[in-house]
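Per TrEMBL, region 'Disordered' is recorded for 1-49, 120-169. Residues or ranges marked as compositional bias 'Basic and acidic residues' in TrEMBL: 16-49, 120-142. The annotation domain 'R3H' is assigned in TrEMBL to 46-109.
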């Protein structure tokens, strides 16, 4: 019985020492600081969202503007701005190479960018519609010239050699003529005399 009581007592936790109480207090303080930081972050995101909603609303109401470019911002802020733009019915795109240089551009749906315009922004270039039109014309001209050159090079299809000459070692030179002359209908094929 003493052994049983001894094993039960040894398996029980000891009363908390002053060191354990101190570490628990520090853990509670750290959890409280973390919760406060999360609440501050949430509040800042909500404030940023309200600010972006106000700016996007102003952009939509300004009939002179077709697009709006924002300064580079963090990934979280870009995602908030994309969400606000989607709710407002705008097209939004992120451009820039490095994470700290990425920025957002908003476009009104009726002035949505073309693929060439998006490609120019992705390359970090400014979009110039006149240059784009010149490039398009140049590409069309190059395609027409290529097509004309391929037409001029086309020849009528004809075999490069005669198959009889190529396979004469197999079939001989007069095999087909000899076989044609000896062809007769006979009884084995259902023809009777």
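Positions of Cβ are set from backbone N, Cα and C atoms, glycine also.
Panel annotation: around the compositional bias 'Basic and acidic residues' (16-49), residues 76-77, 80, 84 of the same chain, lying at least six beyond its termini, place a Cβ under 8 Å from a Cβ of the stretch.
With a cut-off of 8 Å between Cβ atoms, the residues of this chain six or more beyond the compositional bias 'Basic and acidic residues' (120-142) that come close are 93, 95-97, 105, 113-114.
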